[in-house]
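Enquirer: Before we start, here is the structure in question, set down as structure tokens.
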């Protein structure tokens with residue numbers, strides 16, 4: 001209340017309109033008084049903001065519906081975005097930073113979606129993954145492809161050739177081996193295997209001159225390795241006989257050498 005001065009000593013009191021003195025008359029749409037207090041709450045027009053509705057509305061700072069996200073937050077200024085306001089309204093424009101873009105699932109202007117370079121990169125035969133900040137990408141290729149964008153197709157292995165004949169063809173105590181090869185089909189690079197395989201032949205096969213020395217016939221040789229070609233199929237009984245005769249022959253040679261040395265001494 002306020003006392004109104006008069007010419008006589010008896011005055012009059014009138015109520016003070018808090019809303020009129022506190023809220024801006026141009027920017028205020030409504031003034032609400034909190035019951036039992038002398039506090040006024042100014043409800044601003046769309047065009048104004050602030051406690052007393054005296055400021056032109058800056059939608060980057062505050063929207064008319066205060067529960068909605070203001071422009072500075074929506075434009076992600078913390079990550080380098082910019083909010084360009086239309087003062088006196090709820091309209092603003094976002095300028096997004098390089099690694100962020102608009103989230104189209106939201107119904108307002110924003111820069112809240114991390115930009116994924118995989119959206120613009122092409123992995124021909126693979127999957128694209130991006131770094132945490134969205135600035136780098138990598139193509140993950142399937143087994144059959146390779147290259148920066150998985151653009152190259154790996155070949156597939158062809159069938160193995162038949163095993164070669166064992167080499168050397170014969171010889172007591174010699175390690176013999178055989179090999180087979182395969183080609184890479186429909187491409188320049190095959191993964192998961194080798195072009196050439198080598199293995200040791202399972203049995204030693206005596207040469208003909210060794211058999212003659214020991215008095216064994218040609219049937220002691222592996223028939224398919226010598227007579228027909230291909231994989232060796234030794235006659236194990238004759239091989240054992242060969243090995244026994246070979247040891248006896250070697251022992252006999254050693255004895256004769258010893259006797260010869262004694263006679264010449």
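Even glycines carry a Cβ here, placed using N, Cα and C.
Whatever TrEMBL says is automated annotation, not expert-curated.
Not my notes, these are from TrEMBL:
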DISULFID  118-128  disulfide bond
DISULFID  141-150  disulfide bond
DOMAIN    114-151  domain 'EGF-like'
Enquirer: Cβ neighbours within 10 Å, counted over all protein chains: which one of the disulfide-bonded residues 118, 150 has the most?
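Expert: When each Cβ's neighbours within 10 Å are tallied, 150 leads.
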Enquirer: Relative to the Cβ of residue 128 (disulfide bond), which residues of the same chain, six or more apart in sequence, are found under 8 Å away?
Expert: 118, 121, 137, 138, 139, 140
Enquirer: Count the Cβ atoms, other than its own, that fall within 10 Å of the Cβ of residue 141 (disulfide bond), considering every protein chain shown.
Expert: 20
